Amino acid sequence: MTIIIEQPQFDAAAERKVAGDPAELVLDGGFTVPDSNAFGHTFRDYDAESERKKTVEEFYSVNHINQTYEFVQRMRDAYGRLDKTEMSIWECIELLNEFIDDSDPDLDMPQIEHLLQTAEAIRKDYPDEDWLHLTGLIHDLGKVLLHPSFGELPQWAVVGDTFPVGCAFDECNVHSKYFKENPDYHNPEFNTKFGAYSEGCGLDKVLMSWGHDDYMYLVAKENKTTLPSAGLFIIRYHSFYRKPLHKHGAYTHLMNEEDKENLKWLHVFNKYDLYSKSSIRIDVEEVKPYYMSLIDKYFPGKLRW
Ligand SMILES: [Fe+2]
Ligand SMILES: [Fe+2]
């Protein structure tokens with residue numbers, strides 16, 4: 001595997017603001033978790049965990065201050081070239097599994113098990129939607145952005161809830177007070193309800209804060225996946241869904257009809273994106289042939305990343 005990487009430039013001062021144990025923050029998408037998962041387990045109460053809250057708040061302060069329209073454009077431009085490496089979907093799963101081990105406090109299992117548990121839980125309830133099984137398997141592969149071979153992006157540029165940039169930040173976003181320190185907050189081009197966009201323009205036209213969602217979407221799309229648009233939508237917006245979109249219906253003024261249709265599938269997917277320490281263990285070797293057949297069906301053998 002040959003990897004060529006152009007190091008993105010980060011604000012060193014902003015980087016230093018991420019205090020605490022960064023491993024605490026290797027989370028899937030966000031910290032506002034659903035009340036229970038597909039197996040009926042309840043999750044830890046976010047508000048009750050004061051020791052963790054501080055680290056989470058620090059994470060979101062750096063995230064909100066640095067995720068500007070210009071930053072997202074730069075990241076999409078750099079990573080959209082897909083000139084870092086070539087590998088198969090399964091090789092990526094193994095890569096992710098090797099380097100993000102058990103550092104996720106809500107994910108007491110290797111990454112591969114999170115992916116397979118998500119996929120298998122969906123498969124059980126939606127046996128005919130094979131595209132959704134595969135979507136479950138690959139939805140977090142964009143986390144390879146944390147890997148040294150992909151520029152070792154800081155946590156705030158990979159995980160956490162995502163939100164649109166280029167228009168006013170909605171106060172339903174977690175820790176929204178930190179947006180006041182984002183330069184776009186003071187830019188009249190971007191700080192109105194529609195900002196750079198127009199009513200019903202469709203989320204495809206909207207830049208989202210940069211992270212593993214949008215990166216994996218770009219990888220899938222540019223490698224000409226045949227996944228249906230709902231699958232791509234889930235990959236692209238699963239970290240956007242949790243709070244502002246789902247709980248408060250924020251940003252619906254930017255959506256078009258296709259987004260609203262796809263949102264129904266994202267709603268289905270969300271409850272399978274497990275956080276919990278499920279007691280159901282997956283035998284990787286046993287289910288691998290099934291998933292390899294899905295990968296073959298929807299992706300080329302080697303993908304550009
Ligand atoms: Fe995720
Ligand atoms: Fe996930």
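Glycine is treated like the rest: Cβ placed from N, Cα and C.
Of the residues H175, H212, H253, TrEMBL puts just one in the Fe cation site with H114, H139, D140, H238, D273: H212. Separation of the C-alpha atoms of H212 (Fe cation binding site) and K143 (substrate binding site): 5 Å, rounded to the nearest whole number. Within the set of binding-site residues D140, K143, D273, D140, D273 have a CB atom less than 6 Å from some atom of ligand 2.
Under 6 Å, Cβ to nearest atom of ligand 1: this is the test, and of the binding-site residues D140, K143, D161, D273 it is passed by D140. Note on proximity: of the binding-site residues K143, D161, S239, the one nearest H114 (Fe cation binding site) is K143, by Cα distance. Across the structure, D161 (substrate binding site) and H139 (Fe cation binding site) are spaced 14 Å apart at their Cα atoms. Cβ neighbour count for K143 (substrate binding site): 26 (other Cβ atoms within 10 Å of its Cβ, all protein chains included).
The distance from the Cα of K143 (substrate binding site) to the Cα of H238 (Fe cation binding site) comes to 13 Å.
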